[in-house]
Amino acid sequence: MTPRAEALESGLLKLEALFDHPLYNMPSPPVPEEDWLLKVKPKVKASEKSSQMWVSASQEAYEDVQWTSSSNTHPPWLRFHLGISRWQLYPHRDPNMEALTQQLATQRIVSAVQKSGGTQLKLVMSFPNYGQALFKPMKQERDDETNYNLYYFSDFERHNAEIAAFHLDRILGYRRVPPVVGRLVDVVKEIKDVTTDRKLARTFFTSPVGNLCFYGQCTYYCSTEHAVCGRPTNLEASLAVMLPDLSLATRRSWRSPWRRSYSRSKLAKWETESDYCSTVKKTPPYDKGTRLVDFIDMVILDFLMSNMDRHHYETFEKFGNNAFMLHLDNGRAFGRHSKDEPSILAPLEQCCRIRRSTWLRLRLLSLPQYRLSDVMRASLSQDPLHSVAPLLSEPHLAALDRRLKTVLET
């Protein structure tokens, strides 16, 4: 066995031991009925059935759906939606996770359309069982570091950062990032040939070296200069399972109190006022409940992966102010491994508050037998794209250990 394979096997044992640790398996009471995000409708009368049927645009592309109220007839994406509760997106040791990630990685793509909004190209992929995933393409090589002269808001989104964020969030015990999988997509068969999006279809072209490229339409990075290209048609991408439709589960967007100014010359309030946190602690929803320590959890995740681009966060409206925060849009993380960004930790430093269980898990991850870089490397090795190349380079993994030490010292 090579030293690399040995290190990986040792890491997998550490990951297993970590997830077996009592800190990840705290007994919790049964989830009350009102704490589930969605419920299965009671049996539908025969007279109402016609309006309940799933109708597809192309009968050939989609499967004939025969779901009942029994969960074992539900496709994995629906089981995931029905498993979302007030405090997490999925449970620790979720028995559905393997089937869900397997389908994201392998299921036939029957439709690809551009997702509106945002500064960069994103697609919504649909599968025969009516599941959907958010697609983010490979923009740069794994080892490329973000240019030092670029402002964080000008950075590219990285497909491997989305995948790594899901794994890190799970290792930290949060379970607030929707499951993400890496996939090698055929630009012709799985995007160009199946898209019904005319605007997207018009942006395909062949590059001078014969690679098939496309660029879509968006605010900043959708042009021939920023095109996404296959090699010649194979394209790496991240696929994140879509959350329930907003018509079923409304989400509320909150402006981060420690939002950056997004200006090249202006500083934000928190950068000039040392007692800024005392104001935040008096302001709803941070004045009671768990929202402030939830926010600090997210800050720690962002510092570990060096994500400066967290201007808003979301919660499910159904649960009001008393619910977990979704950790979405992590594509600008893991841009630099050689530099840490201390300003991300400002909320932790200014508020000096942390959830006890988070503190204990962070200390656990600093021990040699559960070392963060080792369990992260092992976890990422289970992603399909690992066979192409490791999703995070060794300097990025080393940076995780260094940053964890800084969090504990702070």
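Note: Cβ is positioned from N, Cα and C throughout, glycine not excepted.
Note that TrEMBL annotation is computational and uncurated.
Per TrEMBL, the feature active site maps to ASP309. Sequence annotations record features per position, and here TrEMBL assigns ATP binding site to GLN120, LYS136, GLU157, ALA240, VAL241, MET242, LEU243, GLU314, ASP329. Annotated Mn(2+) binding site per TrEMBL: GLU157, ASP329, in sequence order. Annotated domain 'FAM20 C-terminal' per TrEMBL: 204-410, in sequence order.
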Please report how many Å separate the Cα atom of GLU157 (ATP binding site) from that of the residue listed as 'active site', as a whole number.
10
Return the residues near GLN120 (ATP binding site) by Cβ distance under 8 Å, restricted to its own chain and a separation of at least 6 in sequence.
LYS136, LYS139, PHE156, GLU157, CYS218, TYR220, TYR221, CYS222, GLY331
Inter-residue Cα distance where the pair is ASP309 (active site) and VAL241 (ATP binding site), in Å:
21
For ASP309 (active site) and ASP329 (ATP binding site), the CA-to-CA distance in whole Å is 9
What's the most sparsely packed of the recorded positions GLU157, ASP309, ASP329, counting other C-beta atoms within 10 A?
ASP309
Relative to the Cβ position of LEU243 (ATP binding site), how many further Cβ atoms are located within 10 Å?
21
Please work out the number of neighbouring Cβ atoms within 10 Å of the Cβ of VAL241 (ATP binding site), leaving out its own Cβ.
23
Integer average pLDDT (0 to 100) for the domain 'FAM20 C-terminal' (204-410):
95
In whole Å, the longest Cα-Cα distance within the recorded ATP binders GLN120, LYS136, GLU157, ALA240, VAL241, MET242, LEU243, GLU314, ASP329 is 20
